[in-house]
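What follows is a single structure, written as structure tokens, with notes after it.
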Amino acid sequence: MAETFLFTSESVNEGHPDKLCDQISDAVLDACLEQDPDSKVACETCTKTNMVMVFGEITTKANVDYEKIVRDTCRTIGFISDDVGLDADKCKVLVNIEQQSPDIAQGVHGHFTKRPEEVGAGDQGHMFGYATDETPELMPLTHVLATKLGSRLTEVRKNGTCAWLRPDGKTQVTIEYYNENGAMVPVRVHTVLISTQHDETVSNDQIAADLKEHVIKPVIPEKYLDEKTIFHLNPSGRFVIGGPHGDAGLTGRKIIIDTYGGWGAHGGGAFSGKDPTKVDRSGAYVVRQAAKSIVANGLARRCIVQVSYAIGVPEPLSVFVDSYGTGKIPDREILQIVKENFDFRPGMITINLDLKRGGNSRFLKTAAYGHFGRDDPDFTWEVVKPLKWEKPQA
């Protein structure tokens, strides 16, 4: 057997305080875009015991009831009493929203006068997109499994299968891989870790049994589990206090969970609460589409794409491609194909990926369980573009 290594990714589910904040910020974005597709939104959220605050810069024609959005989002997640960490109907809601800075507005969109191809990047920064052929989603298996475990925890809480569950929870998966000439091949699941909030009545034995039967079994393919797989199920022994009561929450604190679970790279910019002129979001979405399209079209088994911007400038400063040695043609040729097939100007990304369209909880859906690898028509950046290329003669 080839030499193997261990790699780990984590996830948190929708009741985690940081993820609660991401979801509120994106619910606000959805509400603004639904009424006014040209809304400029930079919405942050923070939370602690019995309090949620939304703050930031929003310029919109939309009539938005921020307090209602906060309470509805908290309620939908399951924060319906102080016992579970927050009471959606009784908590304090603070709102401190101002207009977008006129300095930024004139530089980016000329106070709404610029044509789409002339819209400048909303800020400087660099973003990465990643794809790998180890799963059908073209995402890392560690990240896919950690995310699906978190999603499944929420499912069995809401459908009553495990009535003792509460909204907050974290998951983590370690996988043994081998490196096949630059491509990642999963061998087995080494460790599964779940820490979930629970009510006072349930025993640790029942927690472990239910998690194995109702969460792990339906999510992790049997072929990856063996007698050596390690399970850490609520290893701290008690997790009754959770949500904002247990920990403060803040938008943009879970950027690796939102992306590739530690694989690839990250430029540092968060997604939630940002309209598409913010290249932290739109730039990261288009380079995911580029990386995914490279792998799906057979140009490489694994690949990373970087793009960078200057505030107020439409054209990217740089585009970079690395296929980790898995490319069927040289990386410089893959880069050329990427530049010919993808328009990295923010205004054009917005049009090509239809990013001004709110409603249908479109961006709210991205704010829990990952922005990438999702099978949902609203995730337009997951659509593979056909790329024309010629296989080199053998």
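Glycine residues also receive a Cβ, built from the backbone N, Cα and C atoms like all the rest.
As written in Swiss-Prot, here are the features:
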- Glu10: Mg(2+) binding site (BINDING)
- His16, Asp168, Gly169, Lys170, Ser236, Gly237, Arg238, Phe239, Asp247, Arg253, Lys254, Ala270, Lys274, Lys278: ATP binding site (BINDING)
- Glu44: K(+) binding site (BINDING)
- Glu57, Gln100, Asp247, Lys278: L-methionine binding site (BINDING)
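Comparing Lys278 (L-methionine binding site) with Ser236 (ATP binding site), their Cα atoms are 39 Å apart once rounded. Highest local Cβ density among the binding-site residues His16, Lys278 belongs to His16, counted as other Cβ atoms within 10 Å over all protein chains shown. Put simply, Glu10 is the one of the binding-site residues Glu10, Glu44, Glu57, Gln100 whose Cα lies nearest to the Cα of Lys254 (ATP binding site). Once the Cα atoms of His16, Asp168, Gly169, Lys170, Ser236, Gly237, Arg238, Phe239, Asp247, Arg253, Lys254, Ala270, Lys274, Lys278, the listed binders of ATP, are compared pairwise, the greatest separation found is 42 Å.
The shortest Cα-Cα distance between Glu44 (K(+) binding site) and any of the binding-site residues Glu10, Gln100, Ser236, Lys274 is the one to Lys274.
With the fewest other Cβ atoms inside 10 Å of its Cβ, the least crowded of the binding-site residues Gln100, Ser236 in this structure is Ser236.
Listed in sequence order, the residues of the same chain lying 6 or more apart from Glu10 (Mg(2+) binding site) and placing their CB within less than 8 Å of its CB are Ala146, Lys170, Thr171, Gln172, Val173, Ile256, Ile257, Gly261. According to its DSSP assignment, Glu57 (L-methionine binding site) is in a strand.
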